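Undergrad: Could you have a look at this structure, given as structure tokens, before my questions?
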Amino acid sequence: MYTMQSWSCIFLIICSMQSVCHCCDWIRHHYGHLSAEYLSLLDQMGGDITKQNAPVLFPTSLYRHIDDAEFEDKVIFLKETIYQITKLFDGNMKSVTWDKKNLDDFLNILERQLENLNSCVSPAMKPERRLKRYFKKLNSKVLRKMNYSAQAWELIRKEIKRHLQRLDILAAQMY
């Protein structure tokens with residue numbers, strides 16, 4: 001009886017280690033490449049990045065905090081940030097003057113990153129609430145308050161670029 005339980009326990013440990021290792025390998029070998037692609041597309045899809053600042057402060061303290069976190073917490077943070085970014089782009093984009101193909105490619109790569117990161121973490125793991133609140137503020141104080149104008153979307157593009165650059169650094173530090 002105990003032998004069967006021991007073997008079951010060992011099997012579960014090995015399976016979970018393989019999942020983490022697979023995730024490790026994916027982050028090490030693919031995350032940076034896809035990140036470079038979507039950062040390039042983000043630059044190409046519009047003109048110069050606006051000099052104007054968003055009325056919502058960038059969550060620098062969250063990034064500092066996650067720098068010292070465990071591997072799995074970092075993966076959850078990567079996943080949740082990309083998820084929140086994709087949610088922002090579900091809004092009213094009628095006034096956007098960006099290159100449509102580059103925008104579609106950008107969003108497709110983000111979705112691909114999200115799928116891979118989703119396979120790395122348990123659905124039961126909870127994301128950082130402060131991160132969710134930050135993106136809700138970004139949505140309400142920039143997009144909604146500015147009526148989803150082209151100027152509002154340019155501010156969002158600028159903020160998203162900062163996030164994606166910071167996520168790229170975080171992922172590079174994970175291995």
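Cβ from N, Cα, C; glycine included.
As annotated in Swiss-Prot:
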type     : residues     : note
SIGNAL   : 1-23         : signal peptide
DISULFID : Cys24-Cys120 : disulfide bond
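Would you situate these features in the structure and describe their surroundings?
TA: Cys120 (disulfide bond) falls within neither a helix nor a strand when secondary structure is assigned with DSSP, and so counts as coil.
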Undergrad: Taking the Cβ of Cys120 (disulfide bond) as the centre, how many other Cβ atoms fall within a 10 Å radius?
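TA: The Cβ of Cys120 (disulfide bond) has 19 Cβ neighbours within 10 Å.
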